[in-house]
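Novice: Can you keep this structure in mind? I'll have questions shortly.
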């Protein structure tokens, strides 16, 4: 890739139909983990006009009122009137949940957490870069900020005409591999009938864009596409069917890193799609925080029923202060990559997952997000002797 280029990432709001589905799946997971930390959960959700379907495989001693939980998530997200695409109080809720296959369970459940086997085969990636304060790529970082601001203004009532469904997209111009300015901002937001397109355009620029995007990244040539198709009244599940796991690039690094293909929401941490990806982020972030590299991608891969990974790879894209092979050896020494130890060390059996389902699983330094800690940075730096 040339050192001068444009790079784009997107984010979506919590009212986007796919994110509504993610929230429902993770809310169910959380409620189960509150009662049963040993539960096996793989929960998928589909939302469409007037209905929500929950399906999957769950083995647990917990009892959860699935229907009530689904309704609460939908209304809390802002869908409390049929005119918005779905009303959580009156929509149909269909439950098609079964139990985890015995064939899978026999390979995963080994008694002690230390011996826990991976819930499936798969490959996962973690990534970090020193472009932003949270060590996330710039385009996804600013896209998430735009969507969080949209939600804040909607919930506070400051822009009362906003509705839950929205998307943002940011294009960064890079020079010598460093982000220099924003070339294009795209933001589409659902709204009610009371607002004109000019009023909406001006309010989005003044109250959303200018409040979260640093002035130094905006130039006279920065292009804005605000609700570029015009009216956006029909949104949410009425506009598009929503499914769990369809926003995996929004959930991770906005396309700036590889993705193993596995979604996160609705899965307990024995599923390495989730826990392995969280560990990958933890490793990559600590490597960059330690100053071992400006940019780092980590790949891990697992076999179903096997505790240890089958492979580990580190790529610093030529920015490493020591070789990638040397960093790999340090990672193997400092981090325990057995599935059970990942769960234990990152404390992943807590009911924290609904918080992850919006605005990215990475880059928000919340107390619950243990994979965002940089507590191994000093250890890595000392071991690398840099």
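Backbone N, Cα and C atoms are what each Cβ position is placed from, and that goes for glycine too.
Keep in mind the model is a prediction, meaning the values are calculated, not measured.
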Novice: Out of 16, 361, which one does Swiss-Prot list together with 165, 166, 167, 240, 246, 247, 263, 267 for ATP?
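Specialist: Answer per Swiss-Prot: 16.
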Novice: Which is it, of 78-88, 89-99, 100-110, that Swiss-Prot names as region 'Flexible loop'?
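Specialist: The listed stretch tagged region 'Flexible loop' in Swiss-Prot is 100-110.
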Novice: Using a Cβ-Cβ cut-off under 8 angstroms and a sequence gap of six or more, which residues of the chain neighbour residue 240 (ATP binding site)?
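Specialist: Listed in sequence order: 17, 18.
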Novice: Give me the non-local Cβ neighbours of residue 247 (ATP binding site): same chain, 6+ apart in sequence, Cβ-Cβ under 8 Å, ordered along the sequence.
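Specialist: Expected: 12, 16, 18, 19, 22.
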Novice: When neighbour density is defined as the number of other C-beta atoms within 10 angstroms of a residue's C-beta, which of the binding-site residues 16, 267, 271 has the lowest density?
Specialist: 271
Novice: Listed ATP-binding residues 16, 165, 166, 167, 240, 246, 247, 263, 267 - what's their greatest C-alpha to C-alpha distance in Å?
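Specialist: Answer in Å: the longest Cα-Cα distance is 25.
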Novice: Look up residue 240 (ATP binding site) in the DSSP assignment and report helix, strand or coil.
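Specialist: Reduced to three states, the DSSP call for residue 240 (ATP binding site) is coil.
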Novice: Would you count the other CB atoms within 10 A of the CB of residue 57 (L-methionine binding site), including those on all shown protein chains?
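Specialist: Taking every protein chain into account, the count is 16.
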